[in-house]
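Pulled from TrEMBL:
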DOMAIN    101-282  domain 'FAD-binding PCMH-type'
BINDING   Pro133, Phe134, Gly135, Gly136, Gly137, Thr138, Ser139, Glu266, Gly267, Ala268, Leu269, Gly270, Val271, Ile272  FAD binding site
SITE      Arg317  site 'Important for enzyme activity'
BINDING   Arg404  substrate binding site
ACT_SITE  Tyr461  active site, proton donor/acceptor
Amino acid sequence: MTELIDHRLRRSWTPEAGDAAHLPAKALRWLVQRIGPLGSAAPFAPDSALSVPEPVLGEQSKRDLEELVGAEHVLMAPGERLARAGGLSYLDLVRRRGFGDFPVPDAVVLPENPAEVQSVLEICARHDVGVVPFGGGTSVVGGVAALRGDKSAVIALDLTRLGELVSVDPVSRIAVLQAGVTGPEADRLLAAHGFTLGHVPQSYERATIGGFAATRSAGQASSGYGRFEDMVSGVRLATPRGEWKLGIAPASAAGPDLRHLAIGSEGALGVITEVALRVRPVPEVRRYEGFVLDGWEKGTDAVRELAQRHVLADVTRLSDVDESEVSLALNDGWKTKVLRRYLKARGVHAPCLLIVGWEGASKREVARRRQETVRVLERFGAVRIGAALGESWRRGRFSGPRQRDALIDNGVCVETLETAAYWTELSDLRDAVRAALTATLGNAIIMCHVSHAYETGASLYFTVLTARDEADPIGQWQRAKAAASEAITGIGTISHHHAVGVDHARHLPAEIGEIGVEVLRAAKKTVDPAGILNPGKLL
Ligand SMILES: Cc1cc2nc3c(=O)[nH]c(=O)nc-3n(C[C@H](O)[C@H](O)[C@H](O)COP(=O)(O)OP(=O)(O)OC[C@H]3O[C@@H](n4cnc5c(N)ncnc54)[C@H](O)[C@@H]3O)c2cc1C
């Protein structure tokens, strides 16, 4: 099975770069200056140091599953089970360094196709076994925690083997992909037909089509290509009650759009086996640039104007002063010093970096769109700092997870959280979340950016760095996250794109109302009467 999931996934972001991920000494010195002495070094614990309970999957369940998918696709070895125990939140990662326990599935089952997924669910329903759908395992909200709930056992349903491009309709520009296809693999398969998805979240290298759909993911180019849900035209869903296919036409007035019971259902209402997706031609031309605005208010005003005039670049990412300062500090060379002087001379005292990127069919198209964007930015006094910064951001845009691994290794508590709100509330909400985090964490660097903008509002994405509390590393982040979630509740959404999982489930009723929760429960009861699907998530 080792070819199907790299065990190092649990220890590092990518096999090639993971072990090599390190922080320059300069960056660590700068961090100590800002947040004080770091926690002790905390490398990943070997599997042998982690507690893996004996599996409790019944003999008959095991035999039925083995008969269906083959004994080599029902894995019970501790290493295989540990590899699918939990996702990649900060708490998941510190637990893997020996701080606190986490639930481990009783078995890992790897079906080969939608029909086998359907049969796995029927077997599990018969034997009262919980099923945790497992895509790339990149959930940061406890979405793949192997919780058993009231079931007799729990399996991780690893969808890696559902790895095919099922069909491409170049006329309607729709492709059907199986759920286990990862971001890069989807683009590789589609490129052979001249298409791309344009969906590039930071977890792109690991996350899967099924996971994107199940969590309402949003990629870094969402301003141009849309959120993942905007790309979905149809879904094929396995449920304990039978298979459910949705999405027959590009638009419909045939009652409520039930596709949205599958999109964002986080494995609690069914297992997505195939997704029909809108695809776009692979862009011929890409242009990425950096600008600087003076202060957060001017920056968000500019982004709002771009969104409301419909001239957003495909990638539009505005960092606040703190995030911009960190970016500049970590690149502290002579060029940065010159840049700082230049910005001062241009009257920019509180630099906020703005990365903008356009992708299109021709130089002319990209130039025309760029001109529309830049015209608005100039009205807000944006200072252009050139293509080098934009390109360097594009090249390094998937490096965040590797740096996070290295920071945690070095005793830093580093985590992200996100929300979205209407423009009227956006800045107040940012202040409130910062205040809540500062009150609980004390000396911390709190950075924020907007990377998904809409006519009516935008997302806020926070990155927090503080020294790890040696005595209580888990409680340290749980308290901070609870305070931030309280600050968000009632003003912004509890999640713009990370989803609900376990971590946000408590806050869902405040967002969708008790009736909303009952509607979801009723839907679950209909498709999953025995409640085997992803115990403890979403609801
Ligand atoms: C470093 C890092 C950066 C990230 N950046 C982004 C980002 O830029 N944008 C963004 O949107 N998210 C981001 N995420 C969050 C995460 O990558 C997304 O939630 C992603 O969509 C999950 O895909 P996955 O295949 O890894 O799903 P998993 O983590 O395996 O599962 C996520 C949830 O979906 C369910 N699920 C998975 N597959 C299926 C299926 N086929 N059918 C039904 N349910 C299923 C699981 O049970 C679980 O509840 C990031 C995460 C990390 C660790």
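Positions of Cβ are set from backbone N, Cα and C atoms, glycine also.
Fewest other C-beta atoms within 10 Å: among the recorded positions Arg317, Arg404, that description fits Arg404. Summarising model confidence by region, the domain 'FAD-binding PCMH-type' (101-282) averages a pLDDT of 97. Taking the Cα of the residue listed as 'active site, proton donor/acceptor' as the reference point, the closest of the recorded positions Gly137, Gly267, Val271, Arg317, Arg404 is Arg317.
Only Pro133, of the recorded positions Pro133, Leu269, Arg317, Tyr461, place a Cβ under 6 Å from an atom of ligand 1. Note on proximity: of the recorded positions Gly135, Ser139, Gly267, Val271, Arg317, the one nearest Arg404 (substrate binding site) is Ser139, by Cα distance.
Across the structure, Val271 (FAD binding site) and Arg317 (site 'Important for enzyme activity') place their CA atoms 33 angstrom apart.
Looking only at the binding-site residues Gly135, Gly137, Gly267, the densest Cβ neighbourhood within 10 Å occurs at Gly135. Among the residues the record lists as binding FAD, namely Pro133, Phe134, Gly135, Gly136, Gly137, Thr138, Ser139, Glu266, Gly267, Ala268, Leu269, Gly270, Val271, Ile272, the two farthest apart have Cα atoms separated by 20 Å. The Cβ of Ser139 (FAD binding site) lies under 8 Å from the Cβ of Gly87, Leu88, Ser89, Gly211, Thr215, His498, Ala499, Gly501, each of which sits 6+ residues away along the same chain.
If you take the Cα of Pro133 (FAD binding site) and the Cα of Arg317 (site 'Important for enzyme activity'), they are about 32 angstrom apart, rounded to a whole number.
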